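Novice: Got a structure here, written out as structure tokens. Questions coming.
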Amino acid sequence: MAPIRDPNTLSNCDAWRTRHTTANLKIEFEAKRLHGSVVLELESQTDRGSKEIVLDSSFLDVSSIKLNSSPSKWEIKDRVGADGSPVHIAVPEGAAKGEVVKLEIELATTDKCTALQWLTPAQTSNKKAPFMFSQCQAIHARSLFPCQDTPDVKSTYNFNITSPHVVVASGVSKGTEGEGPETLYKFEQKVPIPSYLFALASGDIAEAKIGRCSAVATGPNELAASKWELEDDMDKFLDAAEKIVFPYRWGEYNVLVLPPSFPYGGMENPIYTFATPTIISGDRQNIDVIAHELAHSWSGNLVTSCSWEHFWLNEGWTMYLERRILATIHQNNAYFDFSAIRGWSALEEAVNSYGKDHEFTKLCISHKGIDPDDAFSTVPYEKGFHFVYYLDGLVGRENFDKFIPHYFDKWSNKSLDSFEFKETFLEFFNAPEYMSLKDKIASIDWEGRFYTPGLPPKPEFDTSLADVCYALAEKWKQADFSPSPEDISSWTGNQVLVFLDTVQDFQTPLTVEKAQALGKAYGLLNTKNAELKTVYYQIAMQAKDISSYQGVADLLGEVGRMKFVRPLFKSLNKVDRELALKTFEKNRDFYHPICRQMVEKDLGLASA
């Protein structure tokens, strides 16, 4: 048996492996629950060596479990912190190695389910129908149904979902049956995926074509704007990605633009990326998120880290591919470095917030006894990117471009850890044609890269696109500087962000007057771009501009993306705790459960 490599699963996936999952679920909006059955087909990894199957679960109502169509003996044991409550199912005779057994589990989710958010019609834009969506990363699939909730286990899926409203899922649509409240929506996922990529959404959803194999789905009121935002670049992103790796293997690539309470920028659910509505900013300046989630179609979906301890293999590679894609479509290699410069600043901020020697600033983090949500940060993204980028530079782009498809082909439909990645890299570059690189390859400090906390060595970047941002920021230190909209009229949104980030990092904050002039001159108070507005409000709060505080509170009632919500709440809490607490209470039900729990910790309310 292969050892269990994931400390965040309580399942015995060393003895049994899920090969196929069929979800027969009804979405009950009034009860705010999923109800039905899930059938798991598990392959024995031993020769009758295991007499029970252990699955992950969290706050589930399980009513019955059948083993090969017969009632079985089963028990849900005591909860183990964030890892949930293991479900033990007896298999008295065991099973021969390679034999597949079927578990049929009757269940319902509960009001403690951390994977689902339920919105009333009043919380949607056109007020016509309720809305439900799931978010299973990192270990929240176990609150939907008992499963082997670990990236190290991949399964194919059938979704049979009954709902009175349109359903999308992380599979290819196989049509509908029936009509009205009992409409059955069917989907199939033929490529094995880990449980955290199981995804459902249902509501008043409309759809429009945005590319040769892509559509955007969202609320009817938002469809035209979403289509306009994405249609010019979708095929460009896909063409660039396929050129770097190999052809897309999932059939369709669609984007579901969710309601504002979605807690992340995007979630790489296969077939349907779930995306924040903050990317629909009316200026096509925030769609880099789509390049990132598309890159996940190879890194993190097709090839997956075996546990959250090796999460950088998903996100570091994805950041690298995203930046290659963006540089390709912009036809400007400086854009790659410009994006990396932004990432370096974010990494510095994360390391400084933890402390340079903190465990969470390592590339490979021990997750034993740790909730993966607590360890989630910029570090695996940007520190992982810098390791991949370092290897690229070490062997040369031409050689590294040959390694990329080899790596993704070798590990397609599999999961790996950092050491298997190391072995794959060394094996590839041990070929005779790479003998000239022998000394460079031998110089790689793998242990240091994996386990040294703090910042990695900083590369030499092409700063041409960032220098103009730094130069404008310096002018804002001058007492007599008079700003004009022309200062930034030719810039991309990302350049404006670099400028604002630089101003935010001033040792001496702007005065109230200057902060107000900044917002007025550059249109930051009225922008629909939540990225820009968030950083502007951070600057305003640093300046103690009391007139901005209500604007912060208003924005916190409009967006649920944690990238914006958590920093804004932390800053508002420092300058006006009463308003911060009032704003959180007002919007508590608006936020996704994951977001709500994290903000409670940020505000010191976690024990409440």
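Just so you know, glycine gets a Cβ as well, placed from its N, Cα and C.
Okay, these came from TrEMBL:
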ACT_SITE  E293  active site, proton acceptor
ACT_SITE  Y381  active site, proton donor
BINDING   Q135, C136, Q137, P263, Y264, G265, G266, M267, E268, R561, M562, K563  peptide binding site
BINDING   H292, H296, E315  Zn(2+) binding site
DOMAIN    464-603  domain 'Peptidase M1 leukotriene A4 hydrolase/aminopeptidase C-terminal'
Novice: Which residues of the same chain, at least 6 positions away in sequence, have a Cβ lying under 8 Å from the Cβ of the residue listed as 'active site, proton acceptor'?
Specialist: V255, G266, M267, E268, T273, A275
Novice: Quick check on the domain 'Peptidase M1 leukotriene A4 hydrolase/aminopeptidase C-terminal' (464-603): DSSP residue counts for helix, strand, coil, in that order please.
Specialist: 96 helix, 0 strand, 44 coil
Novice: Nearest of the binding-site residues to the residue listed as 'active site, proton donor' by CA-CA distance, picking from Q135, H292, E315, M562?
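Specialist: Of the binding-site residues Q135, H292, E315, M562, E315 has its Cα closest to that of the residue listed as 'active site, proton donor'.
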Novice: Around the recorded Zn(2+) site, report the further residues of that chain (criterion: Cβ within 8 Å of the mean position of the Cβ atoms of H292, H296, E315; site residues excluded), sequence-ordered.
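Specialist: Other same-chain residues with Cβ inside the cutoff are G266, E268, E293, A295, S299, G300, N314, T318, M319, L321, E322, Y381.
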Novice: Ten-angstrom check, please: count other Cβ atoms within 10 Å of the Cβ of M562 (peptide binding site), all chains counted.
Specialist: 23
Novice: Express the predicted model's confidence over the domain 'Peptidase M1 leukotriene A4 hydrolase/aminopeptidase C-terminal' (464-603) as a mean pLDDT, rounded to an integer.
Specialist: 96
Novice: Please report how many Å separate the Cα atom of M562 (peptide binding site) from that of H292 (Zn(2+) binding site), as a whole number.
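Specialist: Roughly 17 Å, rounded to the nearest whole number.
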Novice: Round to a whole number and give the Cα-to-Cα distance in Å for the pair E315 (Zn(2+) binding site) and Q135 (peptide binding site).
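Specialist: The Cα atom of E315 (Zn(2+) binding site) is 17 Å away from the Cα atom of Q135 (peptide binding site).
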Novice: Compute the C-alpha separation of H292 (Zn(2+) binding site) from Y264 (peptide binding site), stating it in Å without decimals.
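Specialist: Pair distance, Cα basis, whole Å: 13 Å.
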